[in-house]
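See structure below.
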Amino acid sequence: MDQGSEVHNFIKVWLSVFAAIGYCYAIGKIAGKGVPRLVAILPVVGLFLVLPLGLHSIHLGGSTAFFIAWLANFKLLLFAFGRGPLASDPSISLPRFIALACLPIKIQPARRTDPSPGTASRSQENADPIQNGRDKQNPTPQKPQKGHKSAINYGIKILLLATILRIYDYSDRLPQKVVWFLYILHIYICLEIILVAVAVAARATLGFELEPQFDEPYLSTSLQDFWGRRWNIMVTRILRPTVYEPLLAWASRAVGRRYAALPAVLGTFAVSALMHELIFYYLGRVPPNWEITWFFLFHGVCLMVEIAAKKELKLGLRLPRPVAAALTVGFVTVTAFWWFLPPLLRCRADERAFEEYAAVGALVRDVVGRGLSFALGGAFNASSPAKP
């Protein structure tokens, strides 16, 4: 793959994205919410499903597919009906609208200092099981929300990523499962670094106060905690109004409120599975074999069992946090070995990622080398005596 042409295509894709989001912004001013606005926005939804096909790299293509084919499309569908982050502020400026639409960011709401008792109790009653990760079995201490973590936190993760990349040089001497575990760490750290870099750029240029994208998922004490509060929080928040809440309303009428969350959870995981299959297709351009779907459906069923068990058994027994975290993360890791990693390896995602790292490293060395040559040449010329 020619890196220069990939960067050129990347720029063209994102210029098209900005133009399309600008069109949606104008539509929001002239078309009322509902079917008229939906009809006007659907061509953009289709465009965003096609644009990632113009990119082939793991990092540029994969992140672009996630940002526009999934997050932006779901936000635009909510916007068509006057819901979601794009419809929360009618006076929003065009640059902020574009950033909210196509980047994985969410403005942190102002914190309420004196909520009424009635509001607080209703909020607890209506909390959904996916979002309510701090469950009664393994409660997590409350902490104030932050728009970003400390620089030390990300510095440690960058150092860990560099260490993992170095260990890959000896992968032929390591057990396969150890290498796969390193792949999972690699995926997590890369995702967090990419998402926080985008969020920080938006915060610096547009003044957003942003919510975090991850909340240390390796500390999860249950599947509710992992999927609802800690892993890729932006996806959880966009799936809730687009999938979970409509399914919850339907299931409440069909099976009653007590068990309505169960089919809503499974349906949400099913949609997430299909979107992951789409992202993996963009990465590898091979037809899906549905292993990713099995991964998410299996976790959806397990989360349903966890929710039902807590409702029915009401166990007071609580595992120590380190034990609960080890069991949760171990369960997610093992099932990822079964169903999540194999499709990535079949499309050579690991080899292609290393090739991209090597290309970036060569580019940096070339730029630095040219810069040093220019600086040294200029210094030499300046120190040379002028010829008569």
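Quick reminder: no glycine exception, Cβ is built from N, Cα and C everywhere.
TrEMBL does not curate its annotations; it predicts them automatically.
If you check TrEMBL, you get these features:
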type: TRANSMEM; residues: 13-31; note: transmembrane segment
type: TRANSMEM; residues: 38-58; note: transmembrane segment
type: TRANSMEM; residues: 64-82; note: transmembrane segment
type: REGION; residues: 110-149; note: region 'Disordered'
type: COMPBIAS; residues: 116-126; note: compositional bias 'Polar residues'
type: TRANSMEM; residues: 151-168; note: transmembrane segment
type: TRANSMEM; residues: 180-202; note: transmembrane segment
type: DOMAIN; residues: 211-297; note: domain 'Wax synthase'
type: TRANSMEM; residues: 259-280; note: transmembrane segment
type: TRANSMEM; residues: 292-309; note: transmembrane segment
type: TRANSMEM; residues: 321-341; note: transmembrane segment
Contact between the transmembrane segment (64-82) and the transmembrane segment (13-31) (at least 3 Cβ pairs under 8 Å, separation 6+): yes
Stretch of maximal Cβ-Cβ contact with the transmembrane segment (38-58) [cut-off: under 8 Å; candidates 13-31, 259-280, 292-309]: 13-31
Long-range environment of the transmembrane segment (292-309) - Cβ separation under 8 angstroms, sequence gap at least 6: 129-130, 222-224, 227, 259, 261-262, 265-266, 268-270, 272-274, 276-277, 280, 315, 331-332, 335-336, 338-340, 343
Distant-in-sequence neighbours of the transmembrane segment (13-31), which means Cβ under 8 A and at least six residues beyond its ends: 37, 40-41, 44, 47-48, 51-52, 54-55, 64, 68, 72, 76, 79, 86-87, 94, 97-98, 101-102
The domain 'Wax synthase' (211-297): DSSP-derived helix, strand, coil residue counts: 65 helix, 0 strand, 22 coil
Folded-back contacts onto the transmembrane segment (151-168), same chain, C-beta under 8 angstroms, at least six residues removed: 174, 179, 182, 185-186, 189-190, 192-193, 196, 354, 357
Confidence summary for the domain 'Wax synthase' (211-297), mean pLDDT rounded: 92
